[in-house]
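Novice: So that we are looking at the same thing, I have put the structure below in structure tokens.
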Amino acid sequence: MRIILLGAPGAGKGTQAQFIMEQYGIPQISTGDMLRAAVKAGTPLGLEAKKVMDAGQLVSDDLIIGLVKERIAQDDCVKGFLLDGFPRTIPQADAMAANGISIDHVIEIDVPDEEIVKRMSGRRVHPGSGRVYHVVFNPPKVEGKDDVTGEDLAIRPDDEEATVRKRLGIYHEQTKPLVEYYGKVAAAGNTQYHKFDGTQSVAAVSAQLASVLK
């Protein structure tokens with residue numbers, strides 16, 4: 001079972017990815033982890049990627065496709081895999097298809113921007129322990145204070161509203177077009193496309209996922 005997971009940052013992809021991995025025994029492949037592993041292992045592609053990253057440049061699509069092909073040929077991918085954070089653009093999706101990497105299911109977790117802003121900009125963290133709160137969904141007993149130590153809570157830079165909106169803008173510009181792209185691939189009978197309402201409870205989304213990923 002080869003799966004691509006699509007959705008904006010903060011849509012809940014990570015939680016559902018965990019569910020899919022545990023339920024179906026397939027690894028989650030993230031390009032970041034894959035790059036780090038290849039660099040650490042010193043593979044030819046890893047060394048090439050390291051050179052590019054050390055120069056502060058972006059790793060090319062060709063190089064990443066090479067790494068994906070290398071990674072999915074490993075034993076733990078026999079039953080399939082879950083691609084996370086790749087492809088991000090239509091050229092990357094085209095390159096995957098050109099390299100014969102077929103996909104069985106494309107899953108989109110759809111959450112409106114304003115809901116994502118509410119979710120992410122409401123997060124508060126206790127820097128000392130990493131405990132995470134949310135002003136709406138999981139508030140601390142005393143506003144702005146950690147339940148255990150009473151110390152101040154902080155907002156991670158990634159969760160600042162302006163940062164969240166910027167990341168959403170990039171998602172809509174680069175990755176959202178993949179929704180239409182894979183819709184066409186599915187219409188041609190070459191994959192299955194499923195869209196889920198990510199504003200539902202985690203359990204509800206997981207149950208719906210399980211019903212289509214039989």
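Yeah, the Cβs are placed from backbone N, Cα and C, and that goes for glycine too.
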Novice: Which one of 30-59, 90-119 shows up in Swiss-Prot as region 'NMP'?
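Specialist: Within the set 30-59, 90-119, Swiss-Prot attaches region 'NMP' to 30-59.
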Novice: Among R123, R165, find me the residue Swiss-Prot lists at the same ATP site as G10, A11, G12, K13, G14, T15, V132, Y133, Q200.
Specialist: R123
Novice: What subset of the binding-site residues F86, R88, R156 lies within 10 angstroms of G10 (ATP binding site) at the C-alpha level?
Specialist: none
Novice: Looking only at the region 'LID' (122-159), what are its DSSP counts of helix, strand and coil residues?
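Specialist: Its residues fall into 3 helix, 10 strand, 25 coil.
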Novice: Are there any residues at least 6 positions away along the chain from T31 (AMP binding site) with a Cβ closer than 8 Å to its Cβ? List them or say none.
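Specialist: Residues satisfying the criterion: I64, L67, V68, G85, F86.
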